[in-house]
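Feature annotations, courtesy of TrEMBL:
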DOMAIN    1-710  domain 'Alanyl-transfer RNA synthetases family profile'
BINDING   His565, His569, Cys667, His671  Zn(2+) binding site
Amino acid sequence: MNSWELRQKFLLYFNACGHDVVPSASLIPAGDPTLLFTNAGMVPFKDVFLGVEKTDRKRAVSIQKCVRAGGKHNDLDRVGFTRRHHTFFEMMGNFSFGDYFKREAIEFAWKFLTREIGLSPDVLWVTVYKEDDEAERLWREVTGISQHRIVRLGEKDNVWQMGETGPCGPCSEILVDQGAGFSCGSPDCKVGCDCDRYLEIWNLVFMQYDRNSAGDLMPLPRPSIDTGMGLERLCAVVQGKDSNFETDLFMPLIRSVEGYARLPYGNGAGDLDYAYRVVADHLRSSVFLLHEGIAPSNEGRGHVLRRIIRRAILFGRELGLPYPVLPALAEQVALMMSRPYPELGTSLPRIQESLRMEEGRFHQTLESGLPILQEMIRTLEKKQEKVFPGEMLFLLHDTHGFPLDIAEDTARMRGILLDYKGYEEKMEEQRERGRSSWTGKKEDFPLPASRLSSPVEFRGYGKVSLQGSVVLLVRGQEELKEAREGEEIMVVLDKTVFYPEGGGQTGDVGDLIGPFGYIRVTGTRKPYPGWIVLTGEVRSGKIAVGETVDQHVDENARHSAERHHTATHLLHAALRTVLGDQVRQAGSLVSPEKLRFDFTYPHPVSHENLNAVEELVNRWILQDSEVDAREMEKSKALDMGALAFFDEKYGDRVRVVQVPGTSVELCGGTHVHHTGEIGSFLIVQETGVAAGIRRIEAVAGPLAYQRAVDWRQELKELRGLLEPGASSLSEKTLSLLKENAGLQKEIQTLRSRLFAIEEKHSKKEFLEQGGHKLAVVHLQMTDTREIRARMDAIKSGIDSGAVLLIGETEEKLTFLGWTSPDLGDVFPISLWVKTFATEVGGKGGGKPSWAEGGGLKPANVPSFVQNVKSRLEEAFTARFS
């Protein structure tokens, strides 16, 4: 039975048992910033289990895409070295939301394994939580399994939770006895052993509790069932394979890798099979993460993706794979997964371009990083030190992106150990900085989701005024009965026209007028599904729970936001029309002041294409097409081609916003009724925000007109200043820029001559060692360009050596480093420039023989300069003595 047949059999079986088939959600958890990735099948249903999301669905079945490569569940370093660990995998699961519980869950699982796919009951074992007498009894009653094949285990093995907080409960695992050939050989080998003999294939979680941040277990509103079974493991068992990697989910890809490698898979010589497994697994992860719009970067999800891609490259080098190779292999992944995920074909060109760029960057890192590592080791050997300092290791890894495993292997061959403790201390400092910029919990709201007995009714589509009753008042962490003048409060009404921040659109502002007071609303948000919370200040009088208030949304702000929101949809459609379907939304901001749209695209958008996009949006505006917004089943919306976005969470019924013939998107925001209401559209700028992610900022309506007027006035003033005469303004500007460049070059030449004369008559002292010279010079500068002229003068008197210049202005330090061609690889100045720039809160970069950097001025510049000089001279002496 191949993997496709297994997928279909699983879904059809549970559908016949009354479960709704739910498509896989995104790998980016929607509305849950506590997780980097969707790491289990139950993640899309988390709020349902918690009782904060209402649903009519009682039962569900899904095959969910998952990634475990960061956070609590992180299998990255184990991949390739075991038969069963993966970064990307698919979780088959059936779920009950307060419907059936333990008995039915056990019966469904047992019948599927033994009847539907034909596993022998004699090879199946089960585990239960040591205190769960009910589960043990039900296993015997429902399945007839013998007592000796039911094993009780402790909390570590048989209590499941998604993270440090959240839904959890006792669980029961189903295992397959693969035989003595898979045993570790220990006399104590039994269920619970870490070897592969007793392979867990299905975990039935009896979801009963919610663990809060204090570690307390609170009963869930409705006891539920969450099960998870890895498709890859089940395939291996059903197909009779020793390893997940030998199933049809991996072998076609491994064979493709084999076509480029120096040794075949399973050859037994050199034992490089682990490298094949790493490359295959990481390629699957990379393709799916790139498909969902994540771009390689240095933080968050992008940082994990970059690690996965670069790890694939590293292990590919062990196999002798050529450069570049990942784009070609990505095509094989898309082909293999085309039946369950046909959408991969559409995004394949974008995925391949991202892989090509990242592979190129890392190739350069390896080429430039090895000499730096080798120089560090030589310096340690000169000092007869046997431990590679953690600070240097962190710098090598973090600044140069150099892989630790290569650093470790290279150092070990020279008898040097790595100081991982020191490295981890530096890493923890960085993690703390990262945590401060990463939202680690849902929006801070002091009341639990269960405090609201019924959801707030939103009536704001097409309306800006309404009466509503005050349900809750909150000040800080305290719930109030009434609030008085001057107090900053949060208000929950039974129904409202205020749109809560979401889908990129900012929340409404406006006024609440009660019988005895007035509140200025400064923001609206949605801390939980079904909640709408207004934030504001009591400007006069008082307001109390139970009172009826008149709601008035700021019409100007709302209508401006609507113009920008509909314009964003048109912009997205125009970008896909002009640049191709590889464009995917990667984020957006819609406010009364402007719109900001992030999208996947590997290069800066040309002026010609930007003009084409802007013209197309304005053409659609002039057509004055009706903007149709209606609710429908999500499946129907997707069938009609509606675009959905990975960081949004959608229910079974969705709101579809359509401009006929132009744009169809799932969207809960507010919009104009006709495109003509937008008025006009103007792109302000296009920039890059990350590798493979571009950003367009634009304005619409009166703001677009005003921006055009402002630009026209600026042009008028420039024309008056430049007096271009018969030539165009651009020609005159280019002429002046060319003239200025010539003058600057002449000034640079004169400076260099002047500095050369000064250097010739100065008594500057160089450090000389082994026939090489080192100069560390501190300069007071009024113009940062002086430092280059000074460098030219100093290095002209050095045949072999290195120079570091530290230029000081009123606010910052500038570093410029140089080494002569013969020393570039043995004394890379770039490492030192980056180090010193980092120490003053800046950054630096360049080649081993030429580097630049900068940072803030420290409190005591002379002391800092002296410290830099001492350290550099010490390293120079150690290297060339």
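Please read every residue number as a count from 1 along the shown chain.
Here the Cβ of each residue, glycine as well, is placed from N, Cα and C on the backbone.
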Relative to the mean position of the Cβ atoms of His565, His569, Cys667, His671, the recorded Zn(2+) site, which additional same-chain residues have Cβ within 8 Å? Glu562, Thr566, Thr568, Val590, Val627, Val657, Glu665, Gly669, Thr670
Which of the three DSSP-derived classes (helix, strand, coil) applies to His569 (Zn(2+) binding site)? helix
For the domain 'Alanyl-transfer RNA synthetases family profile' (1-710), would you mind checking the mean pLDDT of the predicted model? 89
List the same-chain residues at least 6 positions away in sequence whose Cβ sits under 8 Å from the Cβ of His569 (Zn(2+) binding site), in sequence order, or say none. Val657, Val659, Ser663, Glu665, Cys667, His671
